[in-house]
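Working notes, structure below.
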């Protein structure tokens with residue numbers, strides 16, 4: 001008996017889509033990237049360009065992508081064949097960006113390894129009695145006393161060239177076993193490799209049945225990080241020195257507003273944190289009913305993203321302020337970004353707290369869950385794109401599960417090099433030159449141009465869907481029927497195009513002709 005072609009899936013409940021979209025839009029960038037950028041680029045003054053770009057770029061692009069997926073009922077690849085066939089290259093760019101973005105899965109492997117070590121007493125990164133430690137190691141109890149005296153000479157243990165903190169040695173030697181450089185690949189770190197395999201196995205079984213299984217998993221993976229974030233916020237603000245960190249986080253430096261680099265980093269952070277130009281929003285919304293109020297959903301999800309970034313800043317900098325108070329050093333000495341924040345600064349902070357195992361476990365569980373939702377959305381984008389391109393062959397029993405195994409295994413094999421001793425250098429290289437702000441900016445600009453040229457066709461497309469009393473006011477209404485919303489969307493689309501174009505132009509002026517420029521190509 002011939003297998004029947006299955007119908008395209010839809011979300012079982014509206015709240016499942018909201019939770020999945022919230023988990024996708026709120027990720028690692030909100031916790032470890034935004035607070036540092038805010039501090040680095042003028043504190044509270046950075047919020048001016050950030051909010052401006054969020055209003056003129058982030059929200060309109062998010063709404064546009066959500067509307068495209070919902071009203072075409074197609075994935076990231078095939079939606080453009082209905083909207084603007086000339087822009088189908090944007091669909092292929094989503095696939096490339098998703099393949100680059102999967103490099104962040106290695107962060108979940110590192111976080112899982114840290115979580116396993118959290119159940120040891122004492123924490124292994126708090127002492128120098130481990131096999132990976134060297135004679136230069138200084139444990140956290142010594143760091144609390146920041147200065148010792150050798151005769152008449154004062155030695156700063158936190159910044160001396162002859163010493164290294166136990167936290168740094170655990171990260172560089174215990175977890176990564178870093179080689180001398182990117183040219184030295186070294187051997188595979190088997191603990192990291194097994195953790196990476198565990199992450200991919202969990203991801204596979206969470207989404208292998210499509211939105212039916214994803215919709216159930218996100219009840220935990222999307223909600224629990226906020227519980228952890230709230231606990232860490234309340235606990236962090238009660239530590240001595242916490243408000244010193246908050247002041248450093250939000251202290252405004254208006255002079256930075258004239259620096260063009262601040263504006264470019266704000267734009268890149270908006271695109272990165274909102275997850276636009278990656279195809280995930282198109283994919284997730286394509287499983288909605290065509291009459292869903294995507295306008296309201298998009299606005300609330302964008303507000304949630306901004307609020308999460310701000311709250312994460314309070315959590316991070318209250319802990320950094322506590323570290324500065326505990327060690328008696330200026331807070332700028334402990335402020336760092338990226339992997340340094342997640343795997344050095346924060347573990348060092350929780351090791352100084354009462355019940356360090358508990359707070360370390362809370363932090364790394366939150367980090368893992370934040371990353372898992374992004375992996376879910378990315379894998380769903382890759383899988384649904386292939387299924388929508390070949391529905392007759394792929395929408396049959398067990399075809400999706402097999403395709404997902406192929407994608408997951410392929411990406412896992414590619415990531416084995418990231419688990420080597422030189423893997424962290426590859427990670428930093430891909431993070432900087434891969435799916436970075438300039439790539440997202442360029443794809444966003446292409447989207448704006450494509451939708452602008454296809455604006456009349458969108459009107460025709462909406463008229464082909466089943467009649468609904470809400471249809472006209474939900475997305476891209478015809479001019480004259482609801483002039484207020486229609487004009488506002490036109491204005492948003494025009495300003496979004498101009499913002500992306502100007503930032504792309506100015507970013508190009510700062511691009512040098514060095515090796516970095518060649519790598520970015």
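Each residue, glycine too, has its Cβ placed from N, Cα and C.
Within the same chain, residues at least six positions away from residue 23 (Na(+) binding site) with a Cβ under 8 Å of its Cβ are 218, 221, 222, 370, 372, 373, 374, 376, 377. Annotation comment: TrEMBL describes 23, 26, 30, 273, 305, 370, 373, 374 as Na(+) binding site.
Around residue 128 (disulfide bond), taking its Cβ as the centre, 21 other Cβ atoms fall within 10 Å, counting all chains. The annotation disulfide bond is assigned in TrEMBL to 128-137.
Look at TrEMBL and you will find 17-34 (among others) tagged as transmembrane segment.
Look at TrEMBL and you will find 46-64 (among others) tagged as transmembrane segment.
Summarising the annotation, TrEMBL assigns transmembrane segment to 99-117 (among others).
Long-range contacts of the transmembrane segment (188-207) within the same chain, counting only residues at least 6 positions beyond its ends with a Cβ under 8 Å from a Cβ of the stretch, are 105-106, 108-110, 112-113, 116, 175-177, 213-214, 217, 221, 372, 375-376, 379-380, 383, 404-405, 408, 411-412, 415-416, 418-421, 423. The annotation transmembrane segment is assigned in TrEMBL to 188-207 (among others).
Here the transmembrane segment (219-243) has Cβ contacts under 8 Å with residues 16, 19-20, 22-23, 26, 206, 308, 311-312, 314-315, 318-319, 321-326, 353, 359, 362-363, 365-366, 369-370, 372-373, 376 of the same chain, all six or more residues outside its ends. Sequence annotations record features per position, and here TrEMBL assigns transmembrane segment to 219-243 (among others).
Look at TrEMBL and you will find 298-322 (among others) tagged as transmembrane segment.
TrEMBL lists 334-352 (among others) with the feature transmembrane segment. Residues of the same chain lying 6 or more positions beyond the ends of the transmembrane segment (334-352) and with a Cβ under 8 Å from any Cβ of it are 28, 31-33, 35-37, 39-40, 107, 110-111, 114, 123, 125-126, 140, 144, 165, 167-168, 170-171, 175, 248, 316, 319-320, 322-324, 326-327, 359-360, 363, 367, 424, 431.
Under the heading transmembrane segment, TrEMBL lists 358-382 (among others).
What TrEMBL lists as transmembrane segment is 402-420 (among others). Note on the transmembrane segment (402-420): residues 99, 102-103, 105-106, 109, 179, 185-189, 192-193, 196-197, 200, 203-204, 207-208, 379, 382-383, 386-387, 394, 426-427 of its chain, located 6 or more positions outside it, place their CB under 8 angstroms from a CB of the stretch.
What TrEMBL records for 432-462 (among others) is transmembrane segment.
The largest share of C-beta pairs under 8 angstroms with the transmembrane segment (17-34) comes from 358-382, of the ranges 46-64, 99-117, 298-322, 358-382. Here the transmembrane segment (358-382) sits apart from the transmembrane segment (46-64); fewer than 3 CB pairs are under 8 Å, leaving out pairs fewer than 6 apart in sequence. Counting same-chain residues at least six beyond the ends of the transmembrane segment (99-117), those with a Cβ under 8 angstroms from any Cβ of the stretch are 28, 123-125, 175, 191-193, 195-196, 198-200, 203, 278, 339, 342-343, 347, 360-361, 364-365, 367-368, 371-372, 374-375, 378, 382, 411, 415, 418-419, 423, 427, 430-431, 434-435.
Apart from 23, 26, 30, 273, 305, 370, 373, 374, the residues listed for Na(+), the same chain places the Cβ atoms of 22, 24, 25, 27, 28, 29, 275, 308 within 8 Å of the centroid of those Cβ atoms. Within its own chain, residue 26 (Na(+) binding site) has 225, 304, 305, 308, 370, 373 as residues 6 or more apart in sequence whose C-beta sits under 8 angstroms from its own.
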